[in-house]
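A.B. asks: Got a structure for you, questions after.
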Amino acid sequence: MPWLDALRHTSRAALEVERQFNEPKRAARGAFAVALVLFPVLAIGGPRPATSAATGAFIAGIATFQRSFRPRPSLALAAGIGLGVSTFLGYLAVGVTGLFLLVLAVWSFAAGLAWSMGPTAGVLAANTVTVMLVVVQLPVSVGTAVGHALLCALGGAVQALVIIVLPLRSWGTHRDALADAFAELAHFARRLRHDPRAALDPEPLMEARHAEALTPWQERRRPPELPGLRAIAERIRPALVAIAEVEFGRVIEPLEPLEPTDEPEDPELAEVEARLSAAAEAENEAEYDRSREVLAGAAQMLDALARAVRTGDPVAYPRSAPATLAPSGRQALRGPALRAARLLTTLLGRAAEELERSRETPLTGPVAGHDGVLRRPGLARMVPVAIRTGWRQIQLGTPVLHHAMRLSGVVTVSYLLAKLTGLHHSYWAAMTAAMVIRPDFRQTYSRGVARVLGTLTGVVVATAVVELAHPDDWVSCALAVLFMSFAYLLLPTGYAVITTCISGYAVFLLSLVSGSALANGWQRVVMTLLGGAVALVAYALFPTWETVRLPERTAEWIAALGRYAAAVLAGYGDPAGRDPRIVRAALLATREARAEFLQARERAAAEPVALADRHPQLTRKQLGRAREALSYLSRVGLLMEAHLPGAAAEPVPGAGEFGALLTEATAAAGAAVLTGGSVDFTPLRAAYQEWEDAEMPATDLELEYSHRGTSEQHDVVRSGCRLLLAALGELERALRPRS
């Protein structure tokens, strides 16, 4: 879109306020931890040490509200340690001319690289930059640098201690992730009732998998009902698809029409054929009705499981759901759909048993780790992991490296420009630049607008209170804690609201050691405008456009889906040698590729860049159609995975070889997307036709009937491959170059 439209959309996004709030008890606990540090330090050491301690405690508290599956105490400790180190280095360098600027640039660069570890690490690292800028402005000697650094770290330690002493909804984030996975399966079952081709959103399942990666400390204390539930959810996923597709795997070859004759048609034979046709149609309709009943009952039971996982309460099934899944009458489903329904009933019962078992044998000691548990490095072991990850970003020249260079540049330039103004609070410009700049365009520009508006509002309100009420140090600290509690409570609402609270607490806190609140207030507003402008201009001059990466993301998703379908076909070609881990790894790769494609597409939609200018052979409309085709391709692979045979099943000749050809064809299609060529699956269709002719060489009616006795695996593979080719045909048409 044009620049003016992009700026208008990002400005509108900055003003959006979500009606979401954090749990009040958690917000009060975080504010209590800040007060527990602030007031004793104020009484013992005075305003300056109290400022350092409160800043460390507040930012460590912010860390505990981030979306992370790590233990909350470890997040607070990590934030406190990072704040302490940045403060100490800043104090050591600030007394040497030019050294602080160098330290600031290097530290900002490292903070930018922290985004390679995830958004939580990136946000916490950016906060350490702001603390380095704020705290070192306080006039202290280098000899007390260690003391102020320890006070910042103390704030994080107190936050961690308060979380341990006053736990609130332990394992709540993990429970929510697992419950969201079951809830998405319930929604998926309902969608399948109305549309057998409905797609599953894998994002909740991906989140649940991330939640299952545990540190050693978490592994010893995990509630006993959580292990194993995600694996059950993953097995329920293909079973639902198999129930919805009741005709999948039934290959009915069309018979050649008989030669017309002059003899009159036998009315009795015609009546028998009509009755048989009506009976078959009624049987198919009954099977579809039964499929919808099973899906409806499964949705109810999955909702009940989601509620039980989220709250920890016993499973409360609706009375009609178990009867729907296991009726007393004749079973209408047949073949693969019937087996999938039985498997679904077994899996749902097993999930309920897992939840009920935890109440029969309550946790009295640590839960021992077992094979299959996903490992997450502890806090100490994360240091070498972070170093290796950051170094890899430098070597590969990734967008994270571009963001790190951009962050370092805007912080340094803002600091220098602000110093030229001679204002006392010039550090506010660099701090604003550090908090505004983000890896993508939409967040950077929306945060820039929100930062200015929030700072203006917060400074005006807090300065008015200080000028009118003239509070003493104790009252100022109490007001600062109050604004911090508002910030904790209102974190999900939007960045403008949070900035208002943060600016207000900063005015109250820094009034302990600064001069006139009115003079300081307008300086902060001016510096905010300067820092925000530098950040926005820097991103415009040195952007990282996701629009440019859309063809690459599309190609990666196409190739990943090809590898996944090939891994499933290999399981049919060699059931005895099938390794479930290969299919699982290929499935996870498709989910990651899909998530990256959707993220790039969402970010690119807000960028002032035309895709046609960067990639003339590809349009956003084509990408939309390609997404639909790839979702269909993913669903076909999922459907074939649902019917994978056991180790003792008969192999399907040629399935593995066709899977290898499919991998090559999808890789070539991805390369064609990158180079602007045409996607062509004609050789793959020809290879399938040769394979099918070799397996089914019948040419007359008698042989055709004799070949109906092929194994069920053959029928499933043939049905699946035809659907695969249909999906690839849709992809081929979607990506056809414009004339």
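In case you wondered, yes, glycine gets a Cβ from its N, Cα and C as well.
Automated prediction, rather than curation, is the source of TrEMBL annotations.
Positions annotated as transmembrane segment by TrEMBL: 27-44, 123-140, 146-168, 448-466, 486-513, 525-545. Look at TrEMBL and you will find 414-537 tagged as domain 'Integral membrane bound transporter'.
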A.B. asks: Are there at least 3 C-beta pairs under 8 angstroms linking the transmembrane segment (486-513) and the transmembrane segment (448-466), leaving out pairs fewer than 6 apart in sequence?
C.D. replies: yes
A.B. asks: What does the DSSP secondary structure composition of the domain 'Integral membrane bound transporter' (414-537) look like, as residue counts for helix, strand and coil?
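C.D. replies: Residue counts for the domain 'Integral membrane bound transporter' (414-537) by secondary structure: 104 helix, 0 strand, 20 coil.
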A.B. asks: I need to check the long-range neighbours of the transmembrane segment (27-44): which residues 6 or more away from its ends have a CB within less than 8 Å of a CB in the stretch?
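C.D. replies: Residues 50, 53-54, 56-58, 61, 64-65, 151, 154-155, 158-159, 161-163, 166, 168, 473-474, 477, 480-482, 484-485, 488-489, 512.
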